[in-house]
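Visitor: In case it's useful when we look at the structure, here is the feature table from TrEMBL:
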- 5-21: transmembrane segment (TRANSMEM)
- 27-48: transmembrane segment (TRANSMEM)
- 60-80: transmembrane segment (TRANSMEM)
- 104-135: transmembrane segment (TRANSMEM)
- 142-164: transmembrane segment (TRANSMEM)
- 209-226: transmembrane segment (TRANSMEM)
- 232-253: transmembrane segment (TRANSMEM)
- 274-293: transmembrane segment (TRANSMEM)
- 313-335: transmembrane segment (TRANSMEM)
- 347-368: transmembrane segment (TRANSMEM)
- 380-403: transmembrane segment (TRANSMEM)
- 471-493: transmembrane segment (TRANSMEM)
Amino acid sequence: MVFSLAMVPILIVFVWIFLFKRSSIEAGILACMIASLIGMVSNSFSLVTPDILGAILKSALTTSMVAYILFFGILLFHLMNEAGAIQGIASFVSQTTNNPTRQVLLLAVAFSPLVESAGGFGLAIIVIAPILITLGFNRTKAIVISLLSLTAVPWGALATGTVIGANLSGLPLHELGVGSAILSIPTFLYFSIVMTYISGGFNALRKHLLEVLFVTISLSLAIWFFSRYISVELAGVFGAIIALSTEMFLIRITERKPKLAGAPHATPSIFRTMSPYFLLILLLFITRTLPVLETHLKSIVVWHWPQYDFKLPLLYSPGFCLLLVCLYTLVNYRLSLLMIIQSLKRTIMQIIPVLLSTLGFVAMAHLMDQSGMTHVLSSSAAQFFGFAFLYFSPLIGGLGGFLTGSNTGSNAMFMQLQLKTAHHLPMNPDLIAYAQNTSSSHLTMASPSRVVLATSIGKIPNQENRILRTLFLIGLGTLLLLIIEVGIGQTLLAPT
């Protein structure tokens, strides 16, 4: 009975979105109300009005961190779009290759992890989806591909979620990073294959399978190498650069395109067109690799609320780097006041539903945790499944990623709980930590808040439920892969 009550808020989300086909914003608000009501009325849980207000405020603070980054990330896209830079990038890609599958490999498999690793919080959607649409992809396909391109979430925003997971688990950062990189290799391949199939069907997959494998493995191995030997925070950035270089090299040696003299609408310098993204990567690299500068930026202009364990260094956050890049973009492209105002209006219109959806699901997660529902669900699963909890672990992490749209939020919810369960059962706790971090990361692409963002960018909000169902089914395949991997990992790591 207690387990059933604890499941109600989660079931409400699925029923409201998938059965009634209502919006994610409504589902999040309703789930919060149901979780609050159950927590206050049921004797099995402990939730009073101050707890509810505290959970909502803490969720708002968490959402503000996302808002800081997303606002300037979306604004940067609109500023570049007003300047014609997005069209310029699309033109460069189309001139590099007119093969749709290779365009997907270039943008979604290689370039998207670079953007996500540098900015995080789904910013790659904002960049990739419009370019694919400009290249002529069907809007729904472009949105699904851009969501699936979020493969580098464990290293997103310079591995913010993985850093938090390492702190909560007590594992060294490089160990959690390497473990996540190893578990991510099959999922990288899975997502690349699915994106290739979406771009051109089985014919495209058969024709380009070796190329898909080559580029994806170069990304996977590079991320593993940099996580192991250089820096987990920068592994996604440099892994993506290597994958991007690999695909560009393959295109160059296999496609011989004659240059057309006097071709109209010549593409501007790609370096100038891409310079805002290059500057963003440079700023993030400098602020994360110079210890003196990092310490200084973390200690000044800090929004700190100890009561809610909230701390946001405003100058160290990727949001500040994005703000600087937005200012650079204004100067670089000499945008008019009208263009700036239009960009601000579009940014505000797009970010509001995303933040409302994010707030709703993060608040639901906090309310369930505060009331004891999360503990009931995990402890019941451990008692019921016993050693089989090992295979249930990725489902818990994936559920957190699905609900919060963030591996940071999921790790904060479930990392310690999963490890406590692992210590009471004959299984490797490090493997559980790897599974939690990886599953939570790779299910964020199916999160309602991410889908709301993507459909808003693609201007197809009426397709939200359809895309959400598609991503949910693909996410089940991801979980199956991770369950198989942790089973193999437990066998290999089990003491003899």
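Backbone N, Cα and C atoms are what each Cβ position is placed from, and that goes for glycine too.
Any TrEMBL annotation is an automated prediction that lacks curation.
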Visitor: Could you tell me what the rest of the chain brings near the transmembrane segment (232-253), counting residues at least six beyond its ends with Cβ under 8 Å?
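Guide: Residues 96-97, 102, 105-106, 109-114, 116-118, 152, 154-156, 158-159, 162-163, 173-174, 176-177, 181, 211, 214-216, 218-220, 222-226, 281, 284-285, 288-289.
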Visitor: Restricting to the same chain and to residues at least six past its boundaries, which positions have a Cβ under 8 Å from a Cβ of the transmembrane segment (380-403)?
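Guide: Same-chain residues near the transmembrane segment (380-403) but 6 or more away: 2-3, 6, 10, 13, 361, 364-365, 409-411, 413-414, 418, 421-422, 424-427, 431-432, 435-444, 446-448, 472, 475, 478-479, 482-483, 486-487, 490.
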Visitor: Taking a Cβ cut-off under 8 Å, which residues six or more beyond the ends of the transmembrane segment (104-135) line up next to it in the same chain?
Guide: 66, 69-70, 73-74, 77, 81, 86-87, 89-90, 93-94, 96-97, 141-143, 145-153, 155-160, 192, 195-196, 198-199, 208, 211-212, 215-216, 219, 234-237, 239-241, 243-244, 246-248, 251, 277, 280-281, 284, 318, 322, 405-406, 444, 450, 453-454, 457-458
Visitor: Using a threshold of three or more Cβ pairs below 8 Å, and leaving out pairs closer than 6 in sequence, do the transmembrane segment (27-48) and the transmembrane segment (313-335) count as in contact?
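Guide: Touching, no - the transmembrane segment (313-335) and the transmembrane segment (27-48) miss the threshold of 3 or more Cβ pairs under 8 Å.
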Visitor: Can you tell me which parts of the same chain pack against the transmembrane segment (274-293), counting only residues 6+ beyond its ends and a CB-CB cutoff under 8 A?
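Guide: Distal contacts: 76, 80, 85, 89, 114-115, 118-119, 127, 158, 231, 233-234, 237, 316, 318, 321-322, 324-325, 328-329, 332.
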